[in-house]
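J.: What TrEMBL records for A:17-328 is domain 'UvrD-like helicase ATP-binding'. The annotation ATP binding site is assigned in TrEMBL to A:A38, A:G39, A:A40, A:G41, A:S42, A:G43, A:K44, A:T45. The domain 'UvrD-like helicase C-terminal' annotation in TrEMBL covers A:329-609. Sequence annotations record features per position, and here TrEMBL assigns region 'Disordered' to A:692-790. Among the features that TrEMBL reports, compositional bias 'Acidic residues' is placed at A:705-717. Taken from TrEMBL, the feature compositional bias 'Low complexity' applies to A:728-763.
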Amino acid sequence: MEQEPELIARTADELVGDLNKQQAEAVQYRGAALLIGAGAGSGKTRVLTRRIAWILSQFGAWPSQILAITFTNKAAAEMRERLTALIGPVAQRMWVSTFHSACVRILRRDGKALGLKSGFSIYDSADSERLVKIIATEFNVDIKRYTPRSILGRISDYKNQLIGWRTQLAAYAPDFKPGSRGYRISNFDNVEELYAIIYAEYEHRLAMANAVDFDDLIVRTVELLRDHPDVAEYYRHKFRYILVDEYQDTNHAQYVLIRELAGVDAGESPAPTAMAAGRQGPAWITVVGDSDQSIYAFRGADIRNIQDFEEDFPDAKTILLEQNYRSTQTILDAANAVISHNEGRKPKKLWTAVGKGEPIVGYAADNAQQEAVWVASEIARLHAEENIPYSDMAIMYRANAQSRSLEEALINAGLPYQLIGGTKFYERKEIKDALAYLQAILNPADDVNLRRILNVPKRGLGARAESIVLDYARERGTSFFDALMHMEQIEGMPTRTAKGLKAFRDLMASMSAFARANITKPSEIVAEVLSKSGLLEELQKSVDPQDQSRVENLSQLQSTAAEYEQNTPDATLGGFLETTALVADSDQLPDENEDSGKVTMMTLHTAKGLEYPVVFLTGLEQGTFPHSRSLEDTSELAEERRLAYVGITRAKRRLYVTRAAVRAQWGQANDMLPSQFLDEIPDELIDWKRRETGSERMRTGWGSESDEFGGWEDDDFSSGPTFGGSPYGSSYGSRSGSNSGRWGSAASRSGSSSYGSSSRYGAHSGGTRGGKVSTRHVTPKNGGASGAKSVAVSSLQKDNGLNIADFTIGDLVTHDQYGLGKVVDTQDRGRNSVITIDFGTEGTKRLMLRVAPIEKL
DNA sequence: TGTTTTAGTATTTTT
DNA sequence: TACTAAAACA
C-alpha cells in the first residue's frame, strides 16, 4: 500500500481526553455496528471526526478505507476541514461526501457495467419533470389531471423503495413495451397502469439519453453492487469503515446501499479474533442520528432505518449522547416539552450544564408585516443595545414564501441580511441554458438538454422544426442528436428550417471540437459557449433590466468554473458539471468561522445542523407551522413537530417565537390561530411581549372597550415601500443564491375579509383544530384612526420629518451608522420616498427617507 | 416564428 | 399575488 506520510498520529488522550463519558465510549467502540443516538447539540460532529481519527490511529486503518457520508456538501466540507486539522492533509484523500456525490464517483468509475457511458448527464428535478411531461403528452395523458410533478413524485417513491419499472410493468401493464412509437394511454381509470407505463418509458428515455436522475444515483449504484459481484467486491474490500451522519434521514434505497457497500449480507464472516474491521467480513458501520430530527419523510426518508438499527445489524451497540453543549436549559426544556407530544418515540431528555438562561420571548402580531417589523426592530435593538453581531442572529420560517415580508422589514430597518434558499443559482433559466449547452456537448445523446437549447437564443427553430427532427428520430429509434446529424435524409423539410438546423449543428460541432481540445479547462469552455452560442449577446442587447442581472449571473458561472478549475487538480468539464448538479441551499452558507456580518434567513429545513446565539422562529400559526397540509395526518403532524424541535434547538442563548393573527397567502388574507406548538411550550418559559392581538382581544371580549377596533388593519403597513426596478439597486442583503425581483412591492391590502363558516378564536377545545379560521371581519378597511397602536407599529410610523424635496443629487449627508455619504439618487414617492446614498467604503445604500437616520450637511 | 396578452394555478420542506 | 404556459395576434 502507498505511504501516508502526512498522517498525524494522535494519542488516545488527545482524541478522547476532553470528551464526556458517552462521547468517549462512542469514539472508541470496537464492533461491527454502532448507532450513536445524538441529541441536538450533543457534539456529534466532534464525536464522528474523533472516531475517524481513532480508527486511523488506534485501529491502524488507512484513510482510503474510510467512507464518511453526510447529508450536504457543506457538512462534508466541514467534516473534512475538521479532519484535516485533526489528522493532517491526508484527510483530503478520504472519501468524505454526500450519498449522491459518492454514488456519482462510483458510477463514473464503474457505470459502464450498467450501460452508462462516460459523460452521462445528471438530471435535476426540473429536467426530469420536462422529460415526464414530454412522455405524458406523447401518451395522450391529461397533464392537468396528472401533473408531471405528481407523476414524477410517484416514480421517485418507487425508486426510493427500490421498486423497479420492470416489476411495476409486469404487475400493471405487461403488454407495454418501452420505446414503442405512437403509444396512447387509453385507460385512465387504472392509475397504477398509467404510472407503470410512464415509469417504464421514463427509464427507457433516460437510458437512451445516457442520463440518470437524482434518485437513480442511489438506485443504480445499488443495482451495480447487486448485479456485479466483481464491482461489489472491489468496494467492499476498499471501504472497511463506513460512517453515516444524519442517519434518520436515509431512505430505503440509501439503507440498502449502505448494506451492500458494507457487504453485510455477503455471508462472509470476520476473522474470529478480529479487533478491527480488518480484511474479511463486512465493513464496520457507524451511524449517527436523532430520530427526533427526522424531517425528510416527505422525501422518502424512513425513520424506521434508525429505529430498527439494532434489529437490522446483529450485535449492534447503541450509545446515547444526551448532554447538550449548545443551548440554555430554558431552550432545552421547551424543546423537550414540544417533542414529548410525539407518540411512540424512545424517551430522551436533553440536558445542559449551561444554566437556565433568558426566558423565551413571545410576540403575537396582528399580521405578517407587523410580525416582520417587530422582528426587525428587535434585531436592531439587540445589535444596538447588547452588541450582538448580526451574524449571530437567524430568522427561521416554515416555507420560503414567508421570507418576503421579513425581507421588506429588514430593508426598511436598514439591517444587513442574507437569504438562503429560494430559487437556486443553478436553477435559473440563463444558468440552466448555459449548462444545457455544456451537457449537450459532453453527452450529445442527452435529448432533454439538446432540445432545450435548440432555439435558445432565438434562431428561428421553433416547435415546427423541433418536431420534424423529432419525428425522424422516433421513426428510426435514435436520439435527437442522431437525427440532426442525418437531417439531409429528412424529406420535405422547408429550406429555411434546414438552414437553421445546419447552422445549429455546425455551432454545436464547433463548440464540441473546442471542448475536446480544452477538456481540462472548463472555464474556457464556458466562455466559448457563452459567446459563440449567442446567449450572452442576446441578454446584453436586451433592454429588460432583469437581463442585466442575468448577464452577471452568467459571468458568475464562469468565475465558478475558473474557481473549480483552480481547486481541482484533474479538472474536467464533466467534473465541473457534477459540482453544479449536486448543490444544496445550505451550501451557500458561509463557513462557520467566517463572519458574514449579516442576519441569516432561511427555512427550518435548511437550518438543520446549524446553530445561532439568537433565533427567531416566525409564523407559529396553525396552518403555517404546522403546515396546513399536515394538520389532518398524525404522522405528518409528528414530522412538523420534529421540525419545531429542530428549530427550537438551533438557538444557543435566546429564542423568540412569533406569530401573526392574519397572514396573506397567495393574495388572500386569512385569520390564523396560534400554533399548537406554542401551547406545547410550558407557559412559564415564555415571556410574552404581546400575547394577544388586537382583533383577538376584541373577539374574546377582553378589553372590548379598547379603541383598537380595526387597529390591526393599519394603512401604514399596507402601503409599505415599493422598490421598483432591479433589486440589485439596493445593496442591502446580498441574497446569496436567489433572486430576481422578488421583493417588488409590499403587500398592499385593503380590507382582508374572508367569508365562510365563522368560528371563534379560542375554540381550541374541539378535536379538529383547523388551519385557518374563516371569520368575517366587521371592519373592512380604514383602520389607523385609532390612537393606541401596538408597540411595533411605532417604528413604521416613525417619521424623521425629512422631505425628499430638500435633497438634491450631490448633497452631502451623515448617517448614524455609515457616516459621511453623498446623495446619488432621489425618488419622490411621497411618504415612501427613497434616497440613494454613496457611503464610499460602506457602499451605496438605498434608504427609506422617513426612517433613515441621516442628516443633511 | 416571435411577441404580447390572458388565464390558470400554485406553495411545503430538497439531496 | 406572482409566475408560467397556452392562446391570440402581428
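Any Cβ shown, glycine's included, is placed from N, Cα and C.
Whatever TrEMBL says is automated annotation, not expert-curated.
Since this is a predicted model, take the numbers as computed values, not measurements.
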J.: Within 10 Å of the Cβ of A:G39 (ATP binding site), how many other Cβ atoms can be counted across all chains shown?
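T.: Taking all protein chains shown, A:G39 (ATP binding site) has 25 Cβ neighbours within 10 Å.
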J.: Out of A:S42, A:T45, which has the highest number of nearby Cβ atoms, where nearby means within 10 Å of its Cβ, if these are the binding-site residues?
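T.: That would be A:S42, with the highest Cβ count within 10 Å.
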J.: Can you list the residues of the same chain, besides A:A38, A:G39, A:A40, A:G41, A:S42, A:G43, A:K44, A:T45, whose Cβ falls within 8 Å of the ATP site's Cβ centroid?
T.: A:V47, A:D290, A:L321, A:N324, A:Y325, A:R326
J.: Which one of these binding-site residues has the most other Cβ atoms within 10 Å of its own Cβ: A:A38, A:A40?
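T.: Counting every other Cβ within 10 Å of each candidate, the maximum falls on A:A38.
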J.: According to DSSP, folded down to helix, strand and coil, what is A:A38 (ATP binding site)?
T.: strand
J.: Let me know the DSSP-derived helix, strand or coil state of A:G43 (ATP binding site), please.
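T.: Reduced to three states, the DSSP call for A:G43 (ATP binding site) is coil.
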J.: Near A:K44 (ATP binding site), how many other Cβ atoms are within 10 Å of its Cβ?
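T.: I get 22 for this one.
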J.: Give me the long-range Cβ neighbours of A:G43 (ATP binding site): same chain, 6+ apart, Cβ under 8 Å, in sequence order.
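T.: In sequence order, the residues whose Cβ lies under 8 Å from that of A:G43 (ATP binding site) (at least 6 apart) are A:L19, A:Q23, A:L321, A:Y325.
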J.: Note down the number of other Cβ atoms within 10 Å of the Cβ of A:G41 (ATP binding site), including every protein chain shown.
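T.: I get 22 for this one.
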J.: Can you work out the mean pLDDT of the predicted model over the domain 'UvrD-like helicase ATP-binding' (A:17-328)?
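T.: Result for the domain 'UvrD-like helicase ATP-binding' (A:17-328): average pLDDT 90.
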